[in-house]
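Asker: One structure is given below, represented as structure tokens, and several questions about it will come after.
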Amino acid sequence: MAKETFKREKPHVNIGTIGHVDHGKTTLTAAITDILSKKGLAQAKKYDEIDGAPEEKERGITINTAHVEYETANRHYAHVDCPGHADYVKNMITGAAQMDGAILVVAASDGPMPQTKEHILLAAQVGVPKMVVFLNKVDLVDDEELLELVEIEVREELTKRGFDGDNTPIIKGSATGALAGEEKWVKEIENLMDAVDSYIPLPPRPVDLPFLMSVEDVFSITGRGTVATGRIERGRIKVGEPVEIVGLQESPLNSTVTGVEMFRKLLDEGEAGDNAGLLLRGVEKTQIRRGMVIVKPGSITPHTDFKGEVYVLSKDEGGRHTPFFNKYRPQFYFRTTDVTGEVELNAGTEMVMPGDNTNLTVKLIQPIAMEKGLKFAIREGGRTVGAGQVTEILK
């Protein structure tokens, strides 16, 4: 009887295919699963299974996304592929499918097209750290010089958006050829996965980041003090550690955690993913409210003015029926609370239509603990009309 092989938990990375319509994103996804399935590292998924992605709702926004998973020798990947361009825009802006890296698919026969460029820009805006390029359909291009020109153009486009265009790996291949089992092209898919393994960085584990917990509720326990409850988003907290309570006021409150509670049990520490109650020394119940965050001192600051990349829900998604203009004043929902803010559209933008994505500037009436990449919803009277994330902090 053979011994069970020792399974080491491989590190997990979220990845996705991006690029222009019909450049071969879905065929490539199918080819990756097909080739890795022969090594026992994936379940093969056919083109139609990926392309017929079911609709999902993320914060009221309808997105078609296909999820496949596979492994390489070193890592476990969750891979997203979206059938339509609008699905990508929504996915990236809402962070419905968090991407630690991306495979940019460019057809060698076309070169970078408008959506190629838009996806690169969006990836930069939403903080995708690195991408690997798959130059697809090279079997349809006889001219070596043309391939070189396309490669130069892709590298320039990446550099323009803040990626390291000069050092980004570009793999030349044919997804269709690989799917048909042609050895030459199968090898290029293997090269692609090697490049993804080595060039896309491992994401930091949430527990290793500075402590942050969003306050959902506050109550006082007679004789013990004030308890704030919420979900620990990142980091860990131990009894006796100092914290700051940030947001909805100009300057943070300082306190010390004197107890960590989960499911009515007292613990020594809480960590990312836990729903916990923190007992806070020297803080009155009236000083804390939902929407504040409890953090490692100095790790995050409150701000009112920021730029954001936003997707505005279409009428069919339950969004607005009419466009909005400069000085629009909705509520911005961050983590656990709504704050009113005034919108300033970019110069040259008259209005924003339902179904659009745009970059805009917001001035909140109260400060929120904020950092680049923070997600928010735009609401009117409790109804979600948009979603976005902070791309730059202004004040």
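The backbone N, Cα and C atoms fix where each Cβ goes, and this holds for glycine too.
Taken from Swiss-Prot, the feature domain 'tr-type G' applies to 10-205. Under the heading region 'G1', Swiss-Prot lists 19-26, citing similarity to another entry as support. Residues or ranges marked as GTP binding site by Swiss-Prot on the basis of sequence analysis: 19-26, 81-85, 136-139. Annotation source Swiss-Prot lists Mg(2+) binding site at T26, citing sequence analysis. Summarising the annotation, Swiss-Prot assigns region 'G2' to 60-64 and lists similarity to another entry as the type of evidence. The region 'G3' annotation in Swiss-Prot covers 81-84. For 136-139, the entry in Swiss-Prot reads region 'G4', with the evidence type similarity to another entry.
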Asker: For H85 (GTP binding site), what is the tally of other C-beta atoms lying within 10 angstroms of its C-beta?
Answerer: 15
Asker: Give residue numbers and ranges for long-range contacts of the region 'G3' (81-84): same chain, 6 or more residues beyond its ends, CB-CB under 8 A.
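Answerer: Counting only partners 6 or more residues beyond its ends, the region 'G3' (81-84) has Cβ contacts under 8 Å with 16-17, 21, 25-26, 29, 50-51, 53, 63-66, 68, 91.
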Asker: Which residues, given as numbers and ranges, are at least 6 beyond the ends of the region 'G1' (19-26) yet have a Cβ under 8 Å from it?
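Answerer: Tertiary neighbours of the region 'G1' (19-26) are 47, 50-51, 66, 81, 83-85, 104-107, 110, 112-116, 119, 134, 136-137, 175-176.
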Asker: Restricting attention to the domain 'tr-type G' (10-205), give the mean pLDDT.
Answerer: 90
Asker: With the cut-off set at 10 Å between Cβ atoms, which of these binding-site residues ends up with the most neighbours? Options: C82, V138.
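Answerer: Ranked by Cβ atoms within 10 Å, first place goes to C82.
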Asker: Just the number: how many Å between the Cα atoms of G19 (GTP binding site) and T26 (Mg(2+) binding site)?
Answerer: 10
Asker: Just to verify a number: CA distance, H85 (GTP binding site) to the residue listed as 'Mg(2+) binding site', in angstrom, no decimals.
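Answerer: Roughly 13 Å, rounded to the nearest whole number.
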Asker: With DSSP assignments reduced to helix, strand and coil, which class does D22 (GTP binding site) get?
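Answerer: The residue in question, D22 (GTP binding site), is coil (DSSP, three-state).
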Asker: Within 10 Å of the Cβ of T26 (Mg(2+) binding site), how many other Cβ atoms can you find? Include all protein chains, please.
Answerer: 23
Asker: When DSSP is mapped onto helix/strand/coil, what comes out for V138 (GTP binding site)?
Answerer: helix
Asker: Which of the listed binding-site residues (G19, D22, K25) has the least company, meaning the fewest other Cβ atoms within 10 Å of its Cβ?
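Answerer: So among G19, D22, K25, the binding-site residues given, the one with the fewest Cβ atoms within 10 Å is D22.
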